[in-house]
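> My structure is below; once you've seen it, I'll send some questions.
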Amino acid sequence: MSFCSFFGGEVFQNHFEPGVYVCAKCSYELFSSHSKYAHSSPWPAFTETIHPDSVTKCPEKNRPEALKVSCGKCGNGLGHEFLNDGPKRGQSRFUIFSSSLKFVPKGKEAAASQGH
């Protein structure tokens with residue numbers, strides 16, 4: 001398990017429906033279901049963000065392989081990016097708290113962005 005504290009309630013850990021994961025606070029697009037994959041950690045795992053500015057990154061003290069990630073729009077804390085720990089060589093693993101995400105099913109993206 002990762003060094004993050006596990007709080008439980010990770011509703012998106014085994015959630016693999018097509019769609020987009022957005023920030024729970026501001027609805028900014030963060031991750032596509034295409035980048036989500038099964039991982040042994042208790043948190044949802046993604047390989048990449050939707051936009052280059054979907055998240056902001058801050059080095060994790062005493063952990064050169066980890067970066068704290070926050071929403072690139074509102075600064076809401078999301079979790080961590082673990083460098084070179086993705087499913088393929090050279091990919092990152094974004095380990096994200098379900099409580100920081102909302103899921104928008106495929107085909108409803110426009111309605112979700114208009115509602116914000």
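Placed from the backbone N, Cα and C atoms, the Cβ positions cover glycine too.
Got these off Swiss-Prot a minute ago, pasting:
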ACT_SITE  U95  active site, nucleophile
BINDING   C23, C26, C71, C74  Zn(2+) binding site
DOMAIN    1-106  domain 'MsrB'
> Pull the DSSP breakdown for the domain 'MsrB' (1-106) and write it out as helix, strand, coil residue counts.
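Split into helix, strand and coil, the domain 'MsrB' (1-106) gives 6 helix, 43 strand, 57 coil.
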> For a quick check of packing: other C-beta atoms within 10 Å of the C-beta of C23 (Zn(2+) binding site), how many?
23
> Quick one, of the binding-site residues C26, C71, which Cβ has the fewest other Cβ within 10 Å?
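Least crowded of the binding-site residues C26, C71, by Cβ count within 10 Å, is C26.
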> To the nearest whole angstrom, state the Cα distance for the pair C23 (Zn(2+) binding site) and U95 (active site, nucleophile).
14
> To what whole number does the mean pLDDT across the domain 'MsrB' (1-106) round?
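Taking every residue of the domain 'MsrB' (1-106) together, the mean pLDDT is 88.
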